[in-house]
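Everything below concerns the one structure shown next.
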């Protein structure tokens with residue numbers, strides 16, 4: 001009796017999403033019958049011993065040395081490549097076959113007890129819907145291997161037997177989930193057209209659209225959106241983390257999937273359930289300038305607030321993300337918006353450059369050359385500059401003078417009078433109330449007498 005291969009007994013359910021890949025050939029960590037298809041390599045000649053040529057035993061054939069039955073049964077293109085590379089048996093046993101079925105490893109005398117041989121279609125349907133120790137049906141395995149003819153045949157068997165295509169394995173994955181994870185858009189289109197539900201949830205509450213965005217596969221997402229019947233695909237469905245497919249696409253920073261979701265009507269301001277963050281706030285917290293610009297170009301609300309009242313500008317200012325702060329301010333972000341702690345983006349900012357941008361100082365372009373003074377510029381003097389000039393005595397102190405009027409010029413040929421700040425300041429008149437104000441901690445100083453008095 002042949003022995004089981006090493007590691008075959010202690011192999012548990014295979015997590016195709018989180019299990020690390022083996023260092024060898026692709027799919028080497030999977031069971032033999034679930035590995036992806038590859039071109040068969042020529043087998044080396046067996047060494048000759050004292051007893052002659054030694055024929056190696058195949059553990060999946062049960063030690064039988066009979067050749068496989070030639071010819072594809074029921075239109076299957078290449079059934080021997082259905083489960084692993086090399087010559088295998090047909091999809092279901094026949095009378096001319098003397099070896100066990102490759103999926104269940106039952107000898108031929110026991111198989112007619114399960115499926116009568118006079119109903120080959122019933123045998124096909126029974127074996128196509130039978131799950132192994134991992135909960136995988138032959139349809140799961142054919143999808144993982146990317147065997148499109150076998151997927152066609154098995155889908156037809158499911159439909160003829162009245163079975164649903166949404167069969168979960170032990171990891172709560174349907175064949176459609178596996179088709180999206182392995183990025184096979186043709187298989188995705190085939191399964192959805194045949195009746196697979198695009199809203200089936202995996203163990204994380206994710207639909208096929210979530211998985212397509214998570215694995216950065218815009219081709220699978222497009223195939224899913226094109227082949228789904230109207231009203232059967234909800235793009236606003238949340239997973240167990242409260243995220244929509246658009247949130248997942250923004251977090252993976254795949255602009256093609258984001259663009260595709262927005263074109264198909266996904267809500268650009270949808271908030272997650274846990275924190276109330278919009279996709280724009282997620283993009284800001286990921287420090288993705290290109291994603292922020294893409295969302296703003298499609299009309300995202302720049303002042304959207306999460307449950308704590310903070311906006312995208314709060315997040316960018318508190319993290320010191322200078323390019324994002326500048327982009328949000330130019331897009332109309334409100335710097336006076338307060339969160340639940342009564343903090344504005346200016347109050348949570350820690351960087352001096354961010355503070356300057358929020359105050360409007362760093363956004364003004366710096367002038368490289370100073371223009372020559374002209375009468376027009378002197379006529380448009382600001383009130384602050386006119387007040388500084390009047391305090392220095394450069395402008396007339398008469399009440400009738402206004403800041404918009406320039407000071408009178410001296411006639412030609414006469415020198416300009418010296419400014420007032422070169423002359424001693426006159427003493428205040430006696431009738432002003434502040435004439436006797438204290439100048440120090442001592443006594444009040446009496447007003448000085450008027451000039452010319454005794």
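Cβ coordinates come from backbone N, Cα and C, glycine included.
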Per Swiss-Prot, the range holding region 'Disordered', considering 1-50, 51-100: 1-50
Of the residues 382, 406, give the one that Swiss-Prot describes as phosphoserine. 406
State the non-local partners of the repeat 'ANK 2' (171-200) in its own chain: residues 6+ outside its ends, Cβ under 8 Å from one of its Cβ atoms. 13-17, 134-135, 137, 139-140, 143-144, 146, 148, 151-152, 155, 158-159, 164-165, 207-209, 211-212, 215, 217, 219-220, 222-224, 226-228, 232-234, 237
Take the repeat 'ANK 7' (338-367) and average the pLDDT across it for me. 83
Could you count the residues of the repeat 'ANK 4' (241-270) that DSSP puts in helix, in strand and in coil? 16 helix, 0 strand, 14 coil
